[in-house]
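*Asks:* Residues annotated as ATP binding site in Swiss-Prot, with sequence analysis given as evidence: Lys141, Glu178, Phe179, Asp187, Arg211, Ser212, Asn213. Residues or ranges marked as Mn(2+) 1 binding site in Swiss-Prot (evidence: sequence analysis): Asp248, Glu260. According to Swiss-Prot, the feature Mg(2+) 1 binding site maps to Asp248, Glu260. The annotation Mg(2+) 2 binding site is assigned in Swiss-Prot to Glu260, Asn262. Here Swiss-Prot flags Glu260, Asn262 as Mn(2+) 2 binding site, drawing on sequence analysis. Residues or ranges marked as domain 'ATP-grasp' in Swiss-Prot: 104-287.
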Amino acid sequence: MKLAILSRNSSLYSTRRLVEAARARGHTVRILDPLRCYMRIAADGFSMHYKGRPMTGVDMVIPRIGASITRYGTAVLRQFELMGARTPNPSDAILRSRDKLRAHQLLAAKGIDMPVTVFGDNPDDTVDLLSMLGPPPHVVKLNEGTQGRGVILTEKASASRGIVEALRGLYANFLMQEFIGEAKGADLRCFVVGDQVVASMQRQAPEGDFRSNLHAGGTAVAAKASRAEQQVAVRSAKALGLSVCGVDLIRSARGPLVLEVNSTPGLEGIEAACGVDVATRIIEHVEKLKKP
């Protein structure tokens, strides 16, 4: 199988591990910087060039598209899809996952539980918007923030109003959620490949913080996901159309709640914490996706 990995940095752990796993299973692999891919779109067909040469015959594309290049990266991936390449995470599915509001709407429509979420635009509606959410603490999230950036905890209603006013003044797109205190700064990352959770780890926020993301200073240990948690993770992936993703859950008094579905989850933290060869599981999965 001729496999392309869309990644801006060939030295990243996740990219290197996918290359190693694919080559170990006999596949031809090439790393492509999405920003060096350019395309021709016409009624007579689609074509792609990379650094001055045509890209043809690609069977499978594994996207490792960073948030900062989501639009261009997904356009490149879509072009490969239109040229007949397969992918575990289609371009439209990645776009669904990157828009937190859209993702929450789609998950809720499938009956998947999550922290109560509110969204509004007009400053005149702020007081009523907060009443729909309930009493503080509240969590304010930028709609397209990643790795724990752009997430704020407010402990008083006045602070929530102040943050809302400040973000609107910056024309920022954001949503607000209830704070789940019983989680105690911990969440569960379930790594979904296909229709199963292949590894899971508990991430704990550092002292004095509530964000458990590893990039925000959190720590991780292997953790067993319950049957219910695994089912929620797989359902969440399917709701967005992803077959390789990280689903972040928190354990609450009313059961597992979905925080986020990450379409480009890192491999380093989960492989180190769990001792699972996740990269090979991904390659085994994409082998099944290839057309016979």
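A Cβ is built for glycine as well, from the same backbone N, Cα and C atoms used for every other residue.
Keep in mind that what you see is a predicted model, and the values were worked out from it rather than measured.
Relative to the rest of the structure, where do these features sit?
*Replies:* Counted within 10 Å of its Cβ, the other Cβ atoms near Phe179 (ATP binding site) come to 17, all protein chains included.
A 10 Å cutoff on Cβ-Cβ distances gives Glu260 (Mn(2+) 1 binding site) a total of 22 other Cβ atoms nearby, all chains included. Annotation note: Glu260 (Mn(2+) 1 binding site) sits in a strand segment as assigned by DSSP.
Long-range Cβ contacts of Asp248 (Mn(2+) 1 binding site) within its own chain (separation 6+, distance under 8 Å): Asp187, Leu188, Arg189, Cys190, Val258, Leu259, Glu260, Val261, Asn262. The secondary structure of Asp248 (Mn(2+) 1 binding site), as reduced to three states from DSSP, is extended strand.
Counting every protein chain shown, 19 other Cβ atoms lie within 10 Å of the Cβ of Asn262 (Mg(2+) 2 binding site).
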*Asks:* Have a look at the binding-site residues (Glu178, Asp187) and report the one with the fewest Cβ neighbours inside 10 Å.
*Replies:* Glu178
